[in-house]
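Taken from TrEMBL as is:
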- 19-259: domain 'G-protein coupled receptors family 1 profile' (DOMAIN)
- 6-30: transmembrane segment (TRANSMEM)
- 37-65: transmembrane segment (TRANSMEM)
- 71-92: transmembrane segment (TRANSMEM)
- 113-137: transmembrane segment (TRANSMEM)
- 157-176: transmembrane segment (TRANSMEM)
- 208-227: transmembrane segment (TRANSMEM)
- 239-261: transmembrane segment (TRANSMEM)
Amino acid sequence: AINPWDVMLCMSGTAIACENAIVVAIICYSPSLRTPMFVLIGSLATADLLAGLGLILNFVFQYVIHSETVSLITVGFLVASFTASVSSLLAITVDRYLSLYNALTYYSERTVLCIHTMLVGTWGVSLCLGLLPILGWNCLHDYAACSIVRPLTKSNVTLLSASFFLIFIIMLHLYIEICKIVCRHAHQIALQQHFLTASHYVATKKGVSTLAIILGTFGASWLPFAIYCVVGDPDYPSVYTYATLLPATYNSMINPIIYAYRNQEIQRSMWVLFCGCFQSKVSFRSRSPSDV
């Protein structure tokens with residue numbers, strides 16, 4: 001019998017793959033989207049696209065091909081994809097912070113080198129974590145070592161959860177610093193103009209609200225699953241695992257909306273790519289990632 005939770009995960013993976021495939025196609029198609037900000041968004045979309053495909057493949061192989069090797073490869077693929085997604089979110093946060101903290105030197109070669117270094121680190125670490133189950137860190141022959149996500153071991157899942165908590169804390173700290181910089185900039189503008197205009201107040205409030213939505217969505221999606229990975233037991237009903245894992249996949253579904261589809265340059269490129277009816281001779285300058 002087919003588990004309805006597996007069907008829901010497969011449907012979630014399909015929506016994730018479709019959404020992020022469009023983002024990847026737009027960024028690859030548009031030569032103007034080659035700035036560090038869009039490179040990181042492309043990395044996030046690629047990771048989420050792979051995660052969506054991994055959920056689909058996991059459903060197919062689970063009910064069509066019953067093989068321990070295939071199961072390990074699928075789980076390793078999902079671990080690497082979701083790790084790359086979370087790590088890409090951290091890289092985007094660091095990029096936004098740098099664009100505000102070092103605004104005068106942001107568009108320099110040093111920034112490009114920093115972005116490339118973060119990308120190499122993001123995908124390198126994700127690949128290593130994804131290979132661990134395949135290379136032997138699994139519980140196929142030791143049921144007592146299994147976690148709530150078979151065939152991952154308890155120590156493996158604990159490592160992944162600890163990494164998530166660390167990333168979440170770093171992102172929280174950086175977004176607090178970003179809010180401080182935004183409010184300080186608004187205060188400086190108010191001193192120069194002798195008063196804080198309504199437009200500046202609205203822009204500051206919108207920026208802080210957007211940051212709260214970004215961090216709140218990320219935490220609400222992943223925190224329940226990360227906590228349950230630590231406190232859960234493989235003997236607990238599997239419905240608990242599904243009920244915490246499914247919202248975690250929604251983060252990859254929401255990421256394109258937050259980081260891509262709201263961007264004016266990507267909206268314009270989408271019109272050009274799919275409609276071919278929107279042409280403009282005006283050159284669009286890619287906005288700074290601090291424009292949240």
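Placement of Cβ uses the backbone N, Cα and C atoms for every residue, glycine included.
The average pLDDT computed over the domain 'G-protein coupled receptors family 1 profile' (19-259) stands at 85. Contact counts against the transmembrane segment (37-65), taken as Cβ pairs under 8 Å, peak for 6-30 among the stretches 6-30, 71-92, 113-137, 157-176, 208-227.
For the transmembrane segment (208-227), the partner stretch with the highest count of Cβ pairs under 8 angstroms, out of 71-92, 157-176, 239-261, is 239-261.
When Cβ distances are compared across the two stretches, the transmembrane segment (6-30) makes no contact with the transmembrane segment (113-137), since fewer than 3 pairs at least 6 residues apart fall below 8 angstroms.
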